[in-house]
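A.B. asks: Dropping the structure in here first, questions after.
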Amino acid sequence: MRVIGIEGTAWCASAAVYETEDPSVRTDDETVTIESEAYAPESGGIHPREAAEHMREAVPEVVGRALDHADGPIDAVAFSRGPGLGPCLRIVGTAARALAQRLDVPLVGVNHMVAHLEIGRHRSGFEEPVCLNASGANAHVLAYHNGRYRVLGETMDTGVGNALDKFTRHVGWSHPGGPKVEEHAKDGEYVDLPYVVKGMDFSFSGIMSAAKQAYDAGTPVEDVCFALQENVFAMLTEVAERALALTDRDELVLGGGVGQNARLREMLREMCEARGADFYAPEPRFLRDNAGMIAVLGAKMYDAGDTLAIEESAVDSNYRPDEVAVTWREETNSLARSEVEAGATIRGAEAAVSIGPERVTKRRVPKEYRHPDLDERLRRDRTVLEARLTSEARRYGVPTPVVFDVDVRERTLELQHVGDADLRDDLTESRVRDVARHLATIHEEGFVHGDPTTRNVRVGPDRTFLIDFGLGYYTDDAEDYAMDLHILTQSLRGTAADPDLLLAAMEAEYREHGDPAVLDQLREIEGRGRYQ
Ligand SMILES: C[C@@H](O)[C@H](NC(=O)OP(=O)(O)OC[C@H]1O[C@@H](n2cnc3c(N)ncnc32)[C@H](O)[C@@H]1O)C(=O)O
Ligand SMILES: [Fe+2]
């Protein structure tokens, strides 16, 4: 089989020919030949119109060069259908349709984000990996389940590469900024910057403004670059680890242009090593935007009969990875074994927990992948906050474990063992109401839980306990309160067979006991990105 792929979602005009006996597995004699032309803006970031102009000129050239490498007839034309810049996508779409018609072969529409992660799965031969996409306009953690890639966690604001690029633009460096951050970080020392993980999601806007401010205030740019890498990549690594723990999987693949960064790969490798998981990152030519990944996934789709009629081949600049009906993979049913198999043991992502009949001892273990200063700070702060917020919530009438002992130096808490089961395993409408009421209470007092999933609620015969306040913090921002409700909502959706009644109960109870403006903010969050 011989498939040509065409890529041009933003900066890279690229065409590639993939030749293989069998596109379902990586074989020794398969070849992927890539021809690319990069667009580099004279100043500032990527200008959509200039980028489109680049595509208009460069796509025919790279397609011509790629076809020269083909040893025989082409079986299908695959193209990046989205997401990306509309004007660029339209040019790529037009070129792909024209080529498919000229060669009289089928057309395959590939999702660029899914291509970023499938190339890693293909090259590694992993069966069921968790996938971290660290690219310019995106950042998410995904895992396949039941016909789709599910987004387990993602950025609440910009993509990771774009965040770095914005900082370097502020400093006056040319686009793309990511490689320059990596270069300058080599001479840097650690300085404190924000670190924001909310449930399984993360946000870059706070850390980026703090980085700009630090630079403006005279902190050496090398130090800012170093700390930016340490914090931003530790956030991605932490969420990737949480996703591995949640889904009980032991393979991780990396995709996207930021994956070229050696420090990010090092952190992910160390995290995986520490938990006995396998890690794979493809070589750089498959990480940054390239048509090789489009050709490889295109061939898998073509093999599965997943082709597009010309009249239905419109591009989609907001094409989300979880919209793609996955036709080229075998059915499995193992996204979250923890969701499916009640009572499975979970390898915690953060703490070593020993559970006795009366007491639970929880120790936050060091994470080798994190910079020691950041690691110290996170483990200390989370231990202190968990103890403080657990006790404070109790004072306001929310059932939580009694904190018997806090050893900040050892990052260890000794807590009362509460409840008979996790809410996940014994989910009722009245308990969901309890949780909503408890959240309204703590929000009223000015703090959030930070991770109120159905696994962080324990249920007993007559009480519903909130546990695990380690990601909690004080805040008076309605957005933060709404994030608590959002995390609960996502978790109920992932746990319950028929979540609608439970969600309605949650809202009704929160409306009665909390601030209705928070529910408006929840709607606003749900209107963004994947929650639509
Ligand atoms: C939608 C699509 O157009 C977009 N693709 C994209 O943004 O190009 P990609 O090649 O995946 O990633 C480019 C980003 O990757 C960053 N980057 C490149 N080398 C880097 C390095 N060594 N360290 C950190 N970032 C790096 C660049 O600064 C830039 O932000 C996407 O996948 O989100
Ligand atoms: Fe990309």
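Quick reminder: no glycine exception, Cβ is built from N, Cα and C everywhere.
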A.B. asks: Which single residue out of ASP165, ASP248, ASP278 does TrEMBL record at the L-threonylcarbamoyladenylate site shared with ASN133, ALA134, SER135, GLY136, ALA137, GLY178, GLU182, ASN261?
C.D. replies: ASP165
A.B. asks: If I go by TrEMBL, which of ASP223, ASP250, ASP289, ASP303 binds Fe cation at the same site as HIS112, HIS116?
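C.D. replies: Matched candidate out of ASP223, ASP250, ASP289, ASP303, per TrEMBL for Fe cation with HIS112, HIS116: ASP289.
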A.B. asks: Given a 10 Å Cβ-Cβ cut-off, pick out the one of the recorded positions ASP289, ASP451 that has the most other Cβ atoms nearby.
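C.D. replies: Answer returned by the neighbour count: ASP289.
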A.B. asks: Compared by Cα position, which of the recorded positions HIS112, HIS116, ASP289, ASP451 is the closest one to ALA349 (ATP binding site)?
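C.D. replies: Ranked by Cα distance from ALA349 (ATP binding site), first place goes to ASP451.
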A.B. asks: Taking ligand 2 as the reference, state which of the recorded positions ASP289, ALA351, VAL353, ASP451 have a Cβ closer than 6 Å to one of its atoms.
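C.D. replies: Near ligand 2, sequence order: ASP289.
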A.B. asks: If we count other C-beta atoms within 10 Å, could you say which of the binding-site residues HIS112, HIS116 has the fewest?
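C.D. replies: Result for the binding-site residues HIS112, HIS116: minimum number of other Cβ atoms within 10 Å at HIS112.
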A.B. asks: Based on Cβ atoms within 10 Å, give me the single least packed residue among the binding-site residues ALA349, ALA351, VAL353.
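C.D. replies: Across ALA349, ALA351, VAL353, these binding-site residues, the one with fewest Cβ atoms within 10 Å is VAL353.
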A.B. asks: Out of the binding-site residues HIS112, ALA351, VAL353, give me the one sitting nearest to ASP451 (active site, proton acceptor) by CA distance.
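C.D. replies: Ranked by Cα distance from ASP451 (active site, proton acceptor), first place goes to ALA351.
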A.B. asks: Which residues, same chain and not among HIS112, HIS116, ASP289, have a CB within 8 angstroms of the centroid of the CB atoms at the recorded Fe cation site?
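C.D. replies: Sorted by sequence, the hits are GLU7, THR9, SER80, MET113, ALA115, SER135, GLY255, GLY256, GLY257, ASN290, MET293, ILE294.
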A.B. asks: Please list the recorded positions from ALA349, ALA351, VAL353, ASP451 whose Cβ falls under 6 Å of any atom in ligand 1.
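C.D. replies: Cβ < 6 Å from ligand 1: none of the recorded positions.
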